[in-house]
Amino acid sequence: MRWKRMMQLLDVHCEGEIGKVAIGGVPKIPGDTVADQLHWLNTDPKGRELRHFLVLEPRGAPIGSVNLLLPAKDSRADAAFIILQPDQAHASSGSNSICVTTALLESGMIEMQEPETVVMLETAAGLVKAVAQCRDGHCDSVTLTMVPSFVHELDAQIATESWGEIRFDLAYGGVFYALVDVRQLGLTIEPGNARRLVEAGMLLKGEINQRIQVVHPDIPAISGVAYVMFRDEDPDGAVRTCTTMWPGRVDRSPCGTGNSANLATLHARGRVKPGDSFLSRSIIGSQFTVGLQGLTTVAGRSAVIPTITGRGFTYGIHQVALDAFDPLGGGFVLTDVWGAAAETIKI
């Protein structure tokens, strides 16, 4: 076989959201820091080529992420990783952190200790502490101490043709989110509304990014609203969430970074205090436990330290390869499954 590139992927999902983990064949990524490596993947043609190799057809699909496992830059970390999605490489993700932790332990790359194993993960957004509950060689659950999360703006407003004036919060939880109370759109978060929520989320994200500029004060490589997360409250008090993602799909998990950003807004409004915890449910009913571990500051701004607890499950392992003579090897997309956003991808 005439393969010029080959990588091994462990198939993992966290509460329904796919987060494949590249455990072998990952090339060296240039950069002195993980943030530098993130920047390279998003700006260098070779970085874009690597991302397209993994996330576009014929090897990829619009759903899920691929996590590149990398050597840690920080001596305190056990491993580093960067999240690859069709739109770009991303700095941080709660569900993907749980997938990576599960992969590291269940593959034996990091020795599993029972009943508890601590894994330090390095992301472009900072260190994430993962505490895995382990039993009989299985990773039962993972609790993440997320990066400090903060509010950029509460009750921002944007005028829309479809829904009139929409209020939203801008907050950071590892990436920037626009957090929208879903009932403003006349919708509820349930599986039957997934397509309508996606269409609304993608429209709002585009309009917000055109009008508002957000940049992390300490990490310039993290800028712009990455996702719109719709939120609601279930009758039992659980937070119901739906994060909308490029090219036009919903997060199957409750979303760790989105809940971290939302936690910052809840604290800013006086609705939670250190030591509090609550359930967050996704559009398919899967759950995270969200906790407020403590308070801190980021560049002089008040910030919260969130915890997220969820489960990861391995479901397969496979290899992907590139035939040097394959005319479609660089990847391709079509609007039938990728939607109109397919036309914006530069192959």
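Here, residue 1 is simply the first one shown, and the rest follow in order.
Glycine residues also receive a Cβ, built from the backbone N, Cα and C atoms like all the rest.
Taken from Swiss-Prot, the feature substrate binding site covers Q85, G94, S95, D251, G256, T257, and the record attributes it to experimental evidence. Per Swiss-Prot, active site, proton acceptor is recorded for S93. As annotated by Swiss-Prot, active site, proton donor applies to C255, with the evidence given as a curator's inference.
Features per Swiss-Prot, on structure.
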residue : record                       : DSSP class
Q85     : substrate binding site       : coil
S93     : active site, proton acceptor : coil
D251    : substrate binding site       : coil
G256    : substrate binding site       : helix
- Message: Let's check the environment of S95 (substrate binding site): how many other CB atoms sit within 10 Å of its CB?
- Response: 34
- Query: At the Cα level, what's the spacing in Å between Q85 (substrate binding site) and S93 (active site, proton acceptor), rounded?
  - Reply: 11
- Message: Quick check for you: of the binding-site residues D251, G256, T257, which have their Cα within 10 Å of the Cα of the residue listed as 'active site, proton acceptor'?
- Response: G256, T257
- Query: If one looks at the chain holding C255 (active site, proton donor), which residues at least 6 apart in sequence have a CB under 8 angstroms from its CB?
  - Reply: G94, S95, Y227, M229, T241, T243, S280, S282, F288
- Query: Counting other Cβ atoms within 10 Å of each Cβ, which of the recorded positions Q85, S93, T257 scores lowest?
  - Reply: Q85
- Residues satisfying Cβ distance under 8 Å from D251 (substrate binding site), sequence separation of at least 6: E17, S95, Y227, T241, C242, T243, T244, M245, G258, S282, I283
- Going along the chain, which residues six or more apart from G256 (substrate binding site) have their CB under 8 A from its CB? S93, G94, S95, S97, I98, L144, M146, G173, G174, F288, I308, G310
- Note on the structure: Near substrate: residues not in Q85, G94, S95, D251, G256, T257 with Cβ within 8 Å of the site Cβ centroid are E17, S93, N96, T243, S253, C255, G258
